[in-house]
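Visitor: Structure provided below as structure tokens; questions to follow.
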Amino acid sequence: MSVMVLLGSIELGIIYAIMALGVFVSFRTLNMPDLSVDGSFVLGAAVSAVMSLNGHPFLGLGIAFIAGCGAGSITALLHTKLKIQPLLAGILTMLALYSLNLKVMSGRANIPLINKATVFKPFEGIILGGYDYSKLLFSLAVLTLLLLLLFLFLKTRLGFVLRATGDNDQMVRALGVNTDLVILVGLALSNGLVAVAGALIAQSQSFVDVGMGIGMVVIGLASVIIGEVVFGVSSLMRRLIAVILGSILYRLIIAFALEIGMPPTDLKLVSAVIVALAMSMPILKKRFL
Amino acid sequence: MLRVESLSKTFGKGSTNEKIALNEVNLSLQEGEFVTIIGGNGAGKSTLLNCISGVYEIDEGRIILDSKDVTSDPEYKRSRHIGRVFQDPLKGTAHDMTIEENLAIAFAKGKSVGLQSGVTKKDTTLFKERLELLDLGLENRIKQKVGLLSGGQRQALTLLMATIIKPRLLLLDEHTAALDPTIARKVLGLTHKLVSEEKLCTLMITHNMKASLEYGTRTIMMHGGKIMMDLQGEERKDMTVDRLIEQFEKRSGAELDNDRMLLG
């Protein structure tokens, strides 16, 4: 694997790690598999692209986060107020977002951002050995900031309650907290992070396609699970960092698979197999080891 | 203090599995009363507690807590005045969080839940003091995950969490039934200590006839969704387990269906 490919994978892994942190919040902290991720990822990308076209790429990241929070809130309300199962609530939001994303993109299926203002433009030119590190470093800075904020948030009173809700919602209600509200906050935060990742990917590849979100939730899950298996879960900070490393490792696995000749069209198939394998680890271990 | 007025609850109404769980139950508790509840399986004991705490919506009747009608309040709102310990030790704590974090959530009851620090140094000192009361050495394991504790330790912790902010009413749903006898006795003793020190108004379901007379200030017996017997004062003091069983069979017209009730 060439150094270029390696660095490119790490760069992608860093951006997708923000999404993986979002998936961690819903899947692990709230214990709720949330499929709206596939839609909110594109929503973030679309919002950010439109903001870039209008010359406000940085503001676009913030608005993408807020839009993602909105999408997550809808899923939460469908589940808590209308009593729709979490999986179905997520699928409904994801489906609705497909149309909404096209609206954001003024009915176009894709938006190119070539030669437009992006968040990476001001930092361009940090070149070492022929590789432009601007995207990698800026993404790493955003990821680090979000990681710290998420960690601090999970250590607040609201963060405690969020973690306890995923663990044992009955206990949380018995201690006087409205779990419906907690789920709303959690899914909003989760999808907000996912939308920021979508925005950064759009900025990084200077291109948004309405179909770019397909399978994102699976990639997020893969990152979370790979991270946990490989890097451990002993403390909260370690878990969060494991998720990030999981995301980078996932990208390296994919890059390696492409390197040895896997056709890019098989990517989704391989992602699905990786997640299926990772999730069935406990059973497989019992049977065969 | 607590008033339950002609409370009725039927499960699966209109279906072939229709089951009347509570049938016009009336119950009134004075300040500081510690009531033990006994009765066979399906008598409606747990349903009564779940209706009072708001887990189940009730069909008819009213629930008045501190002269405030809470009948239409959701579970989480009532919980601010009610402490609860469940039969299943897994239900009262978050297993993937530390002892300290669990206590912090309980200690935040009734306070605003926002972006304040989840647990402060001052909180930790208080938690350690409270944990020492349990005499289980948990004060030295405050940073350990609750999932590492035994059932009895978790139940003791849940009891502490339910009372760390003094509740107006404490509901204990057979909270020692899943524990082995030695630990069960210890948790019961601890319950007695906490309840009498804080003068908590308490409803405790138990399968143990002896414990039902030994602990508390009043004993009620339920059968078929009704309160069959209400023992207080002198009458309760003179009561023995044998006579209690005899009374039960006479009043309910049924044989005691559960061997567990006789044990202990």
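Placed from the backbone N, Cα and C atoms, the Cβ positions cover glycine too.
Sequence annotations record features per position, and here TrEMBL assigns transmembrane segment to A:6-28, A:59-80, A:87-105, A:136-154, A:181-202, A:214-233, A:240-261, A:267-284.
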Visitor: If I count Cβ-Cβ pairs under 8 A between the transmembrane segment (A:181-202) and each of A:6-28, A:59-80, A:136-154, A:214-233, A:240-261, which range comes out on top?
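Guide: Of the candidates A:6-28, A:59-80, A:136-154, A:214-233, A:240-261, A:59-80 scores highest.
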Visitor: Between the transmembrane segment (A:267-284) and the transmembrane segment (A:59-80), are there three or more C-beta pairs closer than 8 Å, counting only pairs 6 or more apart along the chain?
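Guide: Between the transmembrane segment (A:59-80) and the transmembrane segment (A:267-284), which are separate recorded stretches, there is no contact, as judged by 3 or more close Cβ pairs.
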Visitor: Can you work out whether the transmembrane segment (A:240-261) touches the transmembrane segment (A:136-154), with the criterion being 3+ CB pairs under 8 Å where the paired residues are 6 or more apart along the chain?
Guide: yes
